[in-house]
Every structure is written in C-alpha cells, then in structure tokens.
Amino acid sequence: MWFLILFPALSLGGIDAAPPLQSRVVGGFNCEKNSQPWQVAVYYQKEHICGGVLLDRNWVLTAAHCYVDQYEVWLGKNKLFQEEPSAQHRLVSKSFPHPGFNMSLLMLQTTPPGADFSNDLMLLRLSKPADITDVVKPIALPTKEPKPGSTCLASGWGSITPTRWQKSDDLQCVFITLLPNENCAKVYLQKVTDVMLCAGEMGGGKDTCAGDSGGPLICDGILQGTTSNGPEPCGKPGVPAIYTNLIKFNSWIKDTMMKNA
C-alpha cells in the first residue's frame with residue numbers, strides 16, 4: 001500500500017523518513033493553468049508531502065495519514081518548484097485528524113489482512129485566511145452520492161519516474177472512472193468500507209499515488225473524494241485506488257470547522 005511507503009516515520013512526527021517511491025499521478029497530463037484553484041500543496045519542513053483541498057478561506061481538507069507535527073501550505077500553485085506571484089503561502093495553526101482514523105496502522109511495515117483505513121481525513125486550520133482570487137478558490141462539499149461509472153478527475157504533484165524521487169514541477173491531472181467498491185474489495189486484503197470510493201482504470205496505467213494523498217477527486221464536476229491509498233506499483237492493472245467518500249463526512253467536516261472557527 002503506497003501511502004505507507006511515505007509515512008511510517010513521518011506520519012507521527014518523525015524527521016528521518018525516506019522519500020517515497022512510485023509517488024506520482026500515473027498516466028496523467030499537465031493540468032490547464034489555474035484550472036484547479038482549490039488544489040493545495042501541503043508541506044512539512046519545506047518538503048512537499050501531500051495534496052489538499054481548500055474548503056473555505058480558513059480550512060484545508062487532506063488525508064489523516066498525512067499527519068505530522070507542523071505544516072505549511074501553498075495555494076494557487078501550478079508549478080511546484082517555481083515562484084508564482086499569484087500563489088499564497090500559509091502556515092497551519094492546528095490540525096484535526098478524524099478521530100476514527102487508526103493512526104497506529106501507519107507505524108506498520110506491512111498491512112495486516114483486514115486492516116481498516118477508514119476515516120482517512122484531516123482538517124487543517126490556516127493561521128491566516130486565504131485571499132479568494134481567480135487562482136485561489138474553495139470548492140463545495142458534495143450534496144449527493146457519487147455514481148459508479150462517473151468520470152473523475154484527480155490531481156496532484158509527485159514523482160514522474162517509478163524508481164526515484166523526481167517530482168513533477170507541473171500540477172498533474174488524470175481522468176479515471178469511479179468503480180463499484182466491489183472492484184476494490186476483490187483485490188485488497190484491507191477492508192473496503194462504505195466510507196471509501198474505488199476509482200481507477202481496470203486496464204491500469206492511470207492512477208494517483210502517495211504524493212497525491214489528500215488531493216481532490218472530482219466526479220462529474222463535483223468534489224466527491226480525497227486520495228487515500230492504492231496499489232504499489234501505482235497504476236497496476238486490475239487494482240484501482242481507494243479514496244475517501246466525502247459525503248459520508250459532511251457532518252464531521254462542518255461541525256469541526258464550526259466548533260474551531
């Protein structure tokens with residue numbers, strides 16, 4: 001499972017975690033400039049570690065397995081390694097991992113059969129509100145269930161090579177298909193639950209990977225998921241990736257944001 005490559009030490013505040021392999025949008029393309037204004041780049045000690053989604057001026061949604069002891073984020077970026085006048089840098093004042101996510105699983109070197117990675121969500125409260133512009137815009141939470149067969153767009157920055165840590169400078173996009181959860185349940189030893197989504201291409205070659213964790217999955221124009229975990233190597237035929245099913249968490253997200261405004 002690829003997110004464990006990135007976070008066995010880093011996830012709980014360690015500082016010596018090795019960089020991940022196989023960590024990229026697979027089979028994707030350069031996103032059209034400023035086409036994903038809700039896309040967030042999450043950093044730890046100046047290193048890009050995860051993606052995220054801007055929900056409003058004060059809050060970013062990402063994956064719970066991206067948990068570290070301090071964060072900073074960039075909003076409105078297209079190029080990971082270049083300065084962009086329109087991009088905005090923010091520190092994070094506090095993080096709120098979903099209380100139902102089992103953090104202890106991140107310390108394991110292998111995934112035990114039946115492991116449950118449900119609730120892989122975390123909210124980040126920005127230390128200063130984002131300025132809403134043409135290139136920095138929030139995206140709304142879903143109001144209806146996603147439908148299998150929908151065309152989905154995932155995005156993120158990550159390695160463009162399979163065996164060494166060479167990140168893409170350009171934000172990458174990839175079109176994948178939302179599949180019935182049974183397609184994932186058949187090929188994963190871990191639990192596949194109703195708070196997860198299964199998406200990819202059964203023929204392989206198009207996928208998200210560890211560097212994309214926490215980034216958006218937009219199906220038929222609606223934010224429906226965030227990247228959670230998937231096969232290693234990424235894009236493996238017959239093995240779609242797993243995303244968090246956001247409509248199952250609307251209440252928790254809204255309540256957490258309201259109580260910690």
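For all residues, glycine too, the Cβ spot is worked out from N, Cα and C.
According to Swiss-Prot, the signal peptide annotation covers 1-18, on the basis of a curator's inference.
What Swiss-Prot lists as domain 'Peptidase S1' is 25-258.
Packing around C173 (disulfide bond) is summarised by its Cβ count: 19 other Cβ atoms lie within 10 angstroms of its Cβ, all protein chains included. As annotated by Swiss-Prot, disulfide bond applies to C31-C173 (among others), with the evidence given as sequence analysis.
Taking all protein chains in view, 27 other C-beta atoms sit within 10 angstroms of the C-beta of C66 (disulfide bond). According to Swiss-Prot, the disulfide bond annotation covers C50-C66 (among others), on the basis of sequence analysis.
According to DSSP, H65 (active site, charge relay system) sits within a helical segment. Under the heading active site, charge relay system, Swiss-Prot lists H65 (among others).
What Swiss-Prot lists as N-linked glycosylation site is N102. In sequence order, A115, D116, F117 constitute the residues six or more apart from N102 (N-linked glycosylation site) in its chain with CB-CB distances below 8 Å.
The Cβ of D120 (active site, charge relay system) has 27 other Cβ atoms within 10 Å, all protein chains considered. If you look up Swiss-Prot, you'll see D120 (among others) marked as active site, charge relay system.
According to Swiss-Prot, the disulfide bond annotation covers C152-C219 (among others), on the basis of sequence analysis. C152 (disulfide bond) falls within a strand when secondary structure is assigned with DSSP.
Long-range Cβ neighbours of C198 (disulfide bond) (same chain, at least 6 residues apart, Cβ-Cβ under 8 Å): L178, L179, P180, N181, E182, N183, C184, A185, V192, P240, A241, I242, Y243. The disulfide bond annotation in Swiss-Prot covers C184-C198 (among others).
Annotation source Swiss-Prot lists disulfide bond at C209-C234 (among others).
Secondary structure from DSSP puts S213 (active site, charge relay system) in coil. Look at Swiss-Prot and you will find S213 (among others) tagged as active site, charge relay system.
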Taking just the CA atoms, what is the gap between S213 (active site, charge relay system) and C219 (disulfide bond) in Å?
17
In three-state DSSP terms, the structure that C184 (disulfide bond) belongs to:
helix
Rank aside, I only need the closest one: which of the recorded positions H65, D120, C152, C209 has its C-alpha nearest to that of C31 (disulfide bond)?
C152
For the C-alpha pair, I'd like the distance in angstrom between C66 (disulfide bond) and D120 (active site, charge relay system), rounded off.
9
